[in-house]
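Worksheet: the structure to be examined is printed underneath.
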Amino acid sequence: MASPPPILLPLLLLLLLLLAGAPPLAAASDTSYDDKDAPSSASCRNDFQLVKVKSWVNGSKGKTLNGLSARFGALLPSDAEKGVKLSLVLSNPANCCSNSSTELKGSIALATRGDCDFTAKAEIAQLESAAGLLVINDDDELFEMVCPKNGTAINISIPVIMITKSAGSTLKSMLVDGRVEILLHSPNRPLVDFSVVFLWMMAVGTIVCASLWSDFTAAEQTDERYNELSPKVPTDAGIAKDDSEKEVLDISVTGAVCFVITASIFLVLLYFFMSSWVLWVLIVLFCIGGIEGMHSIILGLISSRKSRNRSQKMVSMPLIGEVSWISVIVLLLCMAFAIFWAVNQEASWAWIGQDILGICMMITVLQIARLPNIKVASVLLCCAFLYDIFWVFLSPLLFKESVMVVVARGDNSGGASIPMLLRVPRVFDPWGGYDMIGFGDILFPGLLVSLLCRFDKDNKRGLLNGYFLWSTVGYGVGLCLTYLGLYLMNGHGQPALLYLVPCTLGLSIVLALTRRELKHLLNYGNEPSSSDDHAEEA
């Protein structure tokens, strides 16, 4: 595989630091919420549920809006066919804090937030014989409506739904056009969506491809290997470059610790200073890294199928020197692809381009950065293990909210998340959304799996008596456990490394102890391997 040019190597390593601060695997549920600090009573303990607000104007189907049910009131059916289509009436006064001058009987009242408790609005609407209440929030978020802190008993038997400010404006404009009818229901989210399976396959496949990439691209390579992007330098015929001549960064113990510390600092900076322009800086960096990754992979595949005697046309480039024309064409195509994605990143299909760029970049990064031995791997993964747990579960103790989750959701950048993750849309989910996995949750375990793959090659191990296969299986199992944790934790974001590190590093060490090979595994990288001896003899 053609190695990346020296000018881009520092950039990819910087991106590797940034990727460590990517969000954890997060498929946080949008359909239920839980506020344990809110007042609770026998009549105020409903789970928060997302609600579909279907509308019709003068008999013609209108927009379907989203809302959030209150802690109190009647529950809604999950099936739309069991719901009832009712007229929508604007309360007067608009805040519904006193008796309405408009007829609310048998209708769904539409009121604005403010001036009195949510329960007071619901009680008045119920006294007016309304069949339900929609409360318009002050902004475009779904606020959780809870009971008063005074613990006053309430008896509300109608559904009470919070909708966003923009949704309220939409309904008001519909009322101007004529008679509006509303149907409320709260569809259930499927236990497993196909997107989870596809995301699992992408994550595991990325690690496997990165670990075996040299095998894929070396199948038909000539003995004379050279960098497609660097000036052509003659080499001795019949002598191949070994790993020591490639541009590879071996991570040290100190580097591993500094790596995680730097990622933590970067994550905190994103938490405090994230904005639209910072997001665009990250997008540009992601595009540059994705271009280099895609370019390197395509050239690697092309070079692996070159004929030994096939000559290549060269062109002269400023600052670089002579490069092959194939390299220039591939580079231009990769740049066009990345720019096209960046311009259209808000499109519904943009996740495809983001995933392609991300996978290419991660495969390339795993070729550049590597763990020299299992000792460094243990330090790095244990630090990453603590890093993920702290910034997801413990950071609320200092920042009053999960720093990792806030950055992942893009709360400080208008809801736009950083592009350092793979994402797949939920196909069969009525609420839509995406399942995601941060690059760090692929790169950290990927470094270990790549190390174990090299160990198996150097010691001529087969699949079953080696470590590569079992560490890959452990990674796949760890991802499954992460999704199980998401389900059991009611959709709250999970630190994936909490599950991935024990299932990869822990499994590998236990397997080495069982085989009585732990000493051999620990000493790997500090002594010449059989493949090195073979290369010297050749």
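Glycine is no exception: its Cβ is also placed from the backbone N, Cα and C atoms.
What TrEMBL says about this protein:
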SIGNAL    1-28  signal peptide
DOMAIN    85-171  domain 'PA'
TRANSMEM  194-213  transmembrane segment
TRANSMEM  251-273  transmembrane segment
TRANSMEM  279-302  transmembrane segment
TRANSMEM  323-343  transmembrane segment
TRANSMEM  349-369  transmembrane segment
TRANSMEM  376-394  transmembrane segment
TRANSMEM  436-455  transmembrane segment
TRANSMEM  467-490  transmembrane segment
TRANSMEM  496-514  transmembrane segment
Report yes or no: does the transmembrane segment (436-455) come within contact of the transmembrane segment (279-302), defined as 3 or more CB pairs under 8 Å with a sequence separation of 6 or more? no
Contact call for the transmembrane segment (279-302) and the transmembrane segment (376-394): at least 3 Cβ pairs under 8 Å, seq gap 6+: no
Mean predicted confidence [pLDDT] for the domain 'PA' (85-171): 87
Mark yes when the transmembrane segment (496-514) and the transmembrane segment (349-369) have three or more Cβ pairs under 8 Å (sequence separation 6 or more) and no when they do not. no
With the transmembrane segment (251-273) as the reference, find which of 194-213, 376-394, 467-490, 496-514 contributes the most Cβ pairs under 8 Å. 376-394
Considering only Cβ pairs under 8 Å, which range in 194-213, 467-490, 496-514 makes the most contacts with the transmembrane segment (376-394)? 496-514
According to DSSP, how is the domain 'PA' (85-171) divided among helix, strand and coil residues? 17 helix, 19 strand, 51 coil
Hey, which bits of the same chain come close to the transmembrane segment (467-490), Cβ under 8 Å, at least six residues off its ends? 25-29, 32, 34, 191-192, 196, 200, 203-204, 207-208, 211, 437, 445, 448-449, 452-453, 455-456, 461, 496, 498-504, 506-508, 511-512, 521
